[in-house]
Amino acid sequence: MLPCLVVLLAALLSLRLGSDAHGTELPSPPSVWFEAEFFHHILHWTPIPNQSESTCYEVALLRYGIESWNSISNCSQTLSYDLTAVTLDLYHSNGYRARVRAVDGSRHSNWTVTNTRFSVDEVTLTVGSVNLEIHNGFILGKIQLPRPKMAPANDTYESIFSHFREYEIAIRKVPGNFTFTHKKVKHENFSLLTSGEVGEFCVQVKPSVASRSNKGMWSKEECISLTRQYFTVTNVIIFFAFVLLLSGALAYCLALQLYVRRRKKLPSVLLFKKPSPFIFISQRPSPETQDTIHPLDEEAFLKVSPELKNLDLHGSTDSGFGSTKPSLQTEEPQFLLPDPHPQADRTLGNREPPVLGDSCSSGSSNSTDSGICLQEPSLSPSTGPTWEQQVGSNSRGQDDSGIDLVQNSEGRAGDTQGGSALGHHSPPEPEVPGEEDPAAVAFQGYLRQTRCAEEKATKTGCLEEESPLTDGLGPKFGRCLVDEAGLHPPALAKGYLKQDPLEMTLASSGAPTGQWNQPTEEWSLLALSSCSDLGISDWSFAHDLAPLGCVAAPGGLLGSFNSDLVTLPLISSLQSSE
């Protein structure tokens, strides 16, 4: 029985040994190694030769310090395996070892173990990315360190490799020469000088740690294009400075142009106020005082005595106060009127010869008197007022109207007539040339009232009136008018009387002296006005004429003077209508 048990054990042993011999028939993997980056640990092995489609590989991991192997995965047909999850503590441990075998059904191969220990020094150093930019002709780069997702929060590249980090930078120009420029920096920020070259530049970075033997891997190539920078900071500053200067110059020119063309203030003498349409409509023009021109009644004027018509009154503009101012009309031609009735003048001369009277002023050559002098009554008896012409030493320079009102104190008839407009004296009975045209003459002017102290005792009041002849050659005539009432005219106050022709007629030139008290309607040459019309109290002309009854006697000579002394002009002229 003992021999049966020995045979059974030998058979079992032979079966077991046969099974072991059959499992060793597959070849083992040629090599096993780790390829690790920062927190990316991969185990690689080499496949067995002549493997079938059913061949797979088993992996076991051994950590230093622990004696047993730890099977990591089931059989897989891949040639690599990611051990990152089971080796997270790699950077804080002594390292790991791994082994791999091939399995094909019931057969398997021997284990192939890594040749080296997998530690931190086996980790290949890399960078996450490289960022490039251009600034003032420099390429500025920034290295981004790797940030793996599976890494613990406290395990970063900076914390693990805290010292002696270095980066090697390679620059390549595309296109053109492909020479690389290598540069090492110790910081993640770097700058590269391009030397003014333009084109595309590509940069690569490889990290390293000076205190370790870790390998570094070149990063992915980053490229940037360089062109000529026209809008640099310097160029922009220069451009804006130029624009600012140009704007300032334009503003100055514009301001100067506006200053030159601005509306300037005119002098006050050149300012004209625009009339407002409302003011122009509302305001009415004020009436202006104008010279009154009266028409001449030629038929009535022919009835006036030739002595009164031919008197020289045109050149007189005297004020009557003895001023030496020359007349403004002395150079004007004299208007002389012929005497249409020479016989009447002789008859008048026989009855009452006119008296040649002296001027009221001492020197008639320089006199600018109006020529009308109203003498005070003399103590000697008088036959009546006479018309008397002023005769001076030099009648050519006289600016007198030629009318003088004096009183003949001696009562004698003058045997001499006034001189002509040319200044010569004529006999009492002149022969007026027949060829003279009997033109009708109208004049208006002022008559002066004065007292002649030199002739108070020698003359009675004579009113002498001169009328310029048309040709300037006729003699001057004087006529004395005797007041039929026999009253001596009182002394007259100094002043002016306006002579204004009205529609009144005078008696014919041949009438006797007593017939001068004609109705006022017959006077056309001399206008009669009442004494009450004289409105100026200083002259007191109406008061002095009250005894004469100038209002009661319309034919009186003194009533023929108009009293409009304010509004009418001083200088009068003779108007002749032919």
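Glycine too: its Cβ is placed from the backbone N, Cα and C atoms.
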Candidate ranges 114-119, 318-323, 456-461 [criterion: Swiss-Prot lists as motif 'BTRC recognition motif']
318-323
N-linked glycosylation site according to Swiss-Prot, picked from ASN189, ASN366:
ASN189
Taking only the glycosylation sites ASN74, ASN110, ASN154, ASN189, which one has a CA atom nearest to the CA atom of ASN50 (N-linked glycosylation site)?
ASN110
Through the lens of DSSP with three states only, how would you label ASN189 (N-linked glycosylation site)?
strand
For the glycosylation sites ASN50, ASN110, which one has its C-beta crowded by the most other C-beta atoms within 10 angstroms?
ASN110
Is ASN110 (N-linked glycosylation site) helix, strand or coil when read with DSSP?
coil
Is ASN74 (N-linked glycosylation site) helix, strand or coil when read with DSSP?
strand
Cβ neighbours within the same chain of ASN189 (N-linked glycosylation site) - under 8 Å, at least six residues apart
LEU140, GLY141, LYS142, ILE143
